[in-house]
Every structure is written in structure tokens, then in C-alpha cells.
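Peer 1: Structure incoming, see below.
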Amino acid sequence: MRHTSSYPKHASLVCAKRVSNRTRFFLAVLSLSSGLDFLGWVLTVSLSKIVRRQRHADGPKIRPHLSRSPHLSNEWEFAGWGSMRYLDITPVDLHAAEESLNHPVKSLNEIRATSVSGNGVTGSVFYAFPVVAAAAGIYSPLCLVVATFLLLFFRPVMLELANAVHLNGANYVYLLQASGKFLAIIGAAGTLLDAIATSAVSAATASTYLAGEFAHLPISTGVLAILFLIALGLFALAGLRESTTVTASVFLFHLFSMAMLAIACVVHWARADTTSAVLRANWALRPVGALETVRAIFYGICVAFLGVTGFECTPSYIEHMSTKTYAAALRNLVAIAVALNGVLSLMVYAILSTETIASGANILSVLAEVAAGRWLRIVVVVDAVGVLLGGVLTGVLTADGLIGRLTRDRVLPQVFVSELPITGSTWLATLFSLLLALLLFLASGMNLATVSSMFSISFLFVLFLFTISDILLKINRPHLPRQPSANTMVLLGAFTVVCVTLAGNIARDPTAIGLFAAFFFVVLIMFFVLDSQPYLVRLALRIHSTSGLERWACTRKWKQMLVRWYQHTRDASVCVWIKHDDIHTMLQTLLSVQANTPHASKVVFVHAYRSADRIPNELHPNSRLLDEAFPTITVECVQSYTFSLHLRSRSRI
């Protein structure tokens, strides 16, 4: 890419474009009447200098008021003057851009994409059935099926969001595009908490199933769950592609095992209980009275959403799949969840007594032994451990994708995207998510019921954020291209469903909201502090300069240290493609950058043109004016070759 001179060859034409149409008409008449073309050009240039106040070429941008820090001049936050550049895009640059765009990108196929979240969705049958049975009793099959079908409200919402913003980060990136940084960080905290809760619950349930088969294990289920978390976190360091190979294998084996279990149960039911005596006996123990029945079904549906957890993790790694694959993965997850939850929960009440169902957490392993014998119980236990550990991996990968997005947006330090030289996995992001999962499990007292209740709250909160993101997207970004678009009634239905079920879960177990709120606010405060470093350093500088610390020799040097820290936190640049010279649009862009990207000290407006006479009249003057109006931001204007995807792919700041 070759830089040309500050002005194109037709300098007189460009200068003439900087004045109004009426002035250009007057100068043209004057030039024609006098026969002096050169006079018209000179007057045009002179008038352009009169209209535009000349800025000071040297020194910082002058302010009419003194610095708010008495011992600091304005220079410490001066970001530098902007510039105007014209670029010639060479054929070599365009060819390199074409190759980069045409280079095949490795992405997950439908099975792999479904398996990452599918292990969480299908594995939830192992920890959801006991909780739903305790709340709804014999109505559990109905509650699980209804809760699964209610996901159909959220599928169009998630498809619209993904088509509008095809980036990892789920609700964080959706809210960032639809509202601003404040709500986006709230979405990030909720999504991260849901991801680590997925890992914690899956590891705890896997340890419970394994301990149920080996009563004399030398370690407790809590310690075993911690070992599972550590092992799967380290395994994720092998990289996403290798991890999805294993998760796909575990997912397919789990579906095969559940199919075997369902067939064995149907055969056993048909042979051993032709009159459905067990099912009739369980039905006789149902709640008595209309109010009790409605309460049992309502709380059962609220809790039954625990049986579809993992569905919300799919957008967190959407960059690794195409839009078509993403839609197919969501469809597959709903279909599989309906089949598993409906059939297996019915088999539980058709074969096992209510006392057996309420006696322990290993419901499906007991069901397998009754239906086909010890061999099937072993298969189910092995499958449970495998698919639940796959759920741990799902949570880790979801957290990795979110942390990577937060790091690229400068919310978290850049060290979080450090990659291992062999696998290319972000090792610090993986270890950070693993640490949070361990802390969550320890904070719950290593109790499966407690962490499961908190998990259901976090899952519904993420679904709530999806609906909020889509509502804000429709209001604030109506012209953002996306197809398909969720119907307004569907969106309102999803919002109503998630609000009612979230309130039902809180009413049923108020203690769950306490653990969720504690962890949520800890993560939220951490994100806000890391993202607000420039503001905090500015505050520290003002406190230092207005207090007695400036007079002491031992603390006087803190000022230079804080200034260097401030300048280090503001080293990011933002590139904005712009079509017109509308100063309102340019101003709103700078205000948005200032509000949502405090780490940015440079904003580059890039305009692509075919010829010099098509350059907008006021683009350069407006960029100079805005550059002077924002002392802490350098505003640059770059004009280059005709806009295309190839050109955009080669843009670098």
C-alpha cells in the first residue's frame, strides 16, 4: 500500500470542493467574466482559509481552561494531532486480500457444532430428573416436554441475533452492538457465570454417579468433582478442534446409550407390567386438589428448564460455524431434548416406584438395571461420566470464547489471548475459567443441589438477556442487516416465558438467588474495574495532584508513574469506514468511541473513492474540526481506493 502526497493531483478541484455551492458559482462567474481562471482558483483557496479557522500546528490542542490537575499541564493527556492521507491500493495488496478471503476457513460441521452444546443439553437428564421429580412428581414428563417446547420461542430470537452479529461472545457482543458497554459488560458477567456453572454442575453430577457405583472410594464426591474440573480444564488446552473431536464422540455414544436404555425400558414395560401397575401406583400419589396440581406443574416447568441447559452456550462459539450450521444445531438440540426428556422421564415413572425415584440421584442407572440388568447399568454410568465431563468441556469452551472477545475489546488485559505454541489454545483464558468454576463449586459447599439451583437461575438469566438483546437490537439498530428476523409476538412470548419461569425458580428456592447474586456482582465489578482503568488512573492523578502527596519527596514520583500507566492503557485505535461527510455522524461516532472504548486514543475515518472529484466536500475539514474538539483522541482521515470486502480485509491501523 503506497502513500501519496497530502493532496491528489487535482488540488485545485479538491480545494474548490471545500466551499459552498453558492460560493463556487460566484467564483465561476467571476472567473468567466474576467477571463482569469487562475484568479478564481486563488480566491477559492483564500476563502477556504477564511472559512476554516487555522489550528495551531505545534503543541497540544489548546483549551480555554486550565487543567483540572494543578501540577499537571494539558500535555499529559494530549493524544496528538491527526493527519490526512491519500492511499493508492496496489495490485499486490488487492491480490493478497483476495487470497486471504478465498482461503478456506476451518469450521465445525453440524455434528461437531451440535455436540459441544449437545453434551450439556442431553447430559442434563442425569441431574435434572431428580430435581424435577421432587417438584412435580408424576407430572415430571409433562413439565419436561413443555419446558423443552418453550425453547422454540428462543430459537428465532437467537437466530436473528446471530445473523445480525456473527461474533463470539453471545449476549456481550449483542448488547454491545444494540446498546453500549455498560449493558454489554452485564451480559458478559451473566454469560460467564452460566458457563462456569455448567462446568461445576456437570463435574459434581459425574462424581455423584461414579460414587454411586463405588461406595468405598477413598475420596469424597466433592474432591472427585474438583479433580474432574482440573482434568477437563487441562484437556481443553489441547485446542478447540481436538476437543470437539472428543465431544462429538462422547455425544454420539451418549445418544446410542440413551436409545438402548429407552428400547430396553419399553421392552421391559411391555413384558413385565402389561397392566401398567407401577405407573398407576405413581399416578395415585399425585397432588390432590386443583391448586396443588397447578402449583406442582408450574414449579415443575420452572425447574424443568434445568433439563435443557447447554442450549444457551451455542452462540458463544458461533465464529467456528456457519450461519446454516448454527441454525441446524439449534434445531437438533430442541429435537433431541424433546425425545430424551419425554421418553426417559415417562419410562422412569412407568418402571420405578416413587420411593425409588426420590431416594437418590442415580435415577437412570437404577432404571437401566431394573430394565435390562447390571450390564446396562454399567453402560449408563460410563455414559453419564463421559457426557457430563463433556458438559464440563462445553462450559470451558464457552468461557474461553467469551474471554477472548472481552480481551479483544480491551475489557480484559491482552495477556488473556496468549496462545500455546503447539495447540494455539488460549491457556490463560482456560485456566481463568477453570479457577472460577472451582471457586463457585467451593462457595456452594460442594453441594450438588445448591449449585444446581444456582445453575437454573443463571441459565434463565442468560435467556432473559437474549430477549433484551433482541428488543434493543430492533429499537436501536433497525437497519442492521439480518435474515431471518424474529416476529414481535414471538419475542414478547419469549420475554414472558423467561420472566415467569425466573420468578418461579426464585420463589421456589430463594437461597439460590443469593449465591447467584454474590458471584454475579463479583464478576461484574471485576469487569468494570478492568475496563475502566483509564478513568481510574485519571481519578488517581487528580487525587494525587490535589492532595499533600505532591509535596512529599517519596510520593512525588508517583505522578510520572500514573501518567505512564494512563498512556499505556490508552494505546488502542479504532477504524471507522465512512461514506459521507456528515459531521453529525462523525461526531456521534467519536462520542460512541469515547463512551464505549475508553482505551482508544486514535480514531481513523476511512473513505474509499473512485476519483478525486467524488471525494465528499467536507470530509477533511470536518475531521480536522473534530480532531481539535477532542484533545484526548487523535482523529485521522484516510482516503483510499474503491471500497470492497478485499479492501476492508487489508485495512490496518
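Indices start at 1 and increase along the chain as displayed.
Placed from the backbone N, Cα and C atoms, the Cβ positions cover glycine too.
Note that the structure is predicted; figures quoted are calculated from it, not measured.
Pulled from TrEMBL, these are the listed features:
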type	residues	note
TRANSMEM	25-43	transmembrane segment
TRANSMEM	125-154	transmembrane segment
TRANSMEM	182-205	transmembrane segment
TRANSMEM	217-238	transmembrane segment
TRANSMEM	250-270	transmembrane segment
TRANSMEM	296-318	transmembrane segment
TRANSMEM	330-352	transmembrane segment
TRANSMEM	375-399	transmembrane segment
TRANSMEM	420-442	transmembrane segment
TRANSMEM	454-473	transmembrane segment
TRANSMEM	485-506	transmembrane segment
TRANSMEM	512-530	transmembrane segment
Peer 1: Under 8 Å between C-beta atoms and at least six residues away from its ends: which parts of the chain pack against the transmembrane segment (182-205)?
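Peer 2: Tertiary neighbours of the transmembrane segment (182-205) are 120, 123, 126-127, 169-176, 221-222, 225-226, 228-229, 232, 309-310, 312-313, 316, 361, 384, 388-392, 394-396, 398-399, 402-403, 406, 411, 433-434, 436-437, 440-441, 444, 446, 448, 451-452, 454-455, 458-459, 461-462, 465, 468-469, 472, 516, 519-520, 523-524, 527-528, 531.
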Peer 1: For the transmembrane segment (512-530), find every same-chain residue at least 6 residues outside the stretch whose CB is under 8 Å from a CB in it, and list them.
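Peer 2: Result: 185-186, 188-190, 192-193, 406, 411-413, 436, 440, 443-444, 450-451, 453-454, 456-458, 461, 505-506, 536.
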Peer 1: Out of 250-270, 330-352, 420-442, what stretch is closest in contact terms to the transmembrane segment (125-154), meaning most Cβ pairs under 8 angstroms?
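Peer 2: It is 330-352, which has the most Cβ pairs under 8 Å.
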Peer 1: Need a quick answer: max count of Cβ pairs under 8 Å to the transmembrane segment (217-238), which of 250-270, 330-352, 375-399, 420-442, 454-473 is it?
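Peer 2: Of the candidates 250-270, 330-352, 375-399, 420-442, 454-473, 420-442 scores highest.
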Peer 1: Which sequence-distant residues neighbour the transmembrane segment (375-399)? Criterion: at least 6 residues beyond either end, Cβ under 8 Å.
Peer 2: 115-117, 119-120, 122-124, 126, 191-192, 194-203, 205-206, 209-210, 212-213, 228-229, 231-233, 235-236, 240, 243, 246-247, 250-251, 253-254, 257-258, 260-261, 264, 310, 313, 316-317, 362, 364-369, 429-430, 432-434, 436-437
Peer 1: May I ask which of the stretches 250-270, 296-318, 420-442, 485-506 has the most CB pairs under 8 A with the transmembrane segment (330-352)?
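Peer 2: If we count Cβ pairs closer than 8 Å to the transmembrane segment (330-352), 250-270 scores highest.
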Peer 1: Going through 250-270, 420-442, 454-473 one by one, which has the most CB pairs that fall under 8 Å from the transmembrane segment (296-318)?
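Peer 2: The stretch with the most close Cβ contacts to the transmembrane segment (296-318) is 454-473.
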Peer 1: Which residues of the same chain, at least 6 past either end of the transmembrane segment (250-270), have a Cβ under 8 Å from a Cβ in it?
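Peer 2: For the transmembrane segment (250-270), the sequence-distant neighbours (Cβ-Cβ under 8 Å, at least 6 residues beyond its ends) are 111, 114-115, 118-119, 122-123, 125, 276, 336, 340, 343-344, 347, 350-351, 364, 367-368, 370-372, 376, 379-380, 383, 386-387, 389-390.
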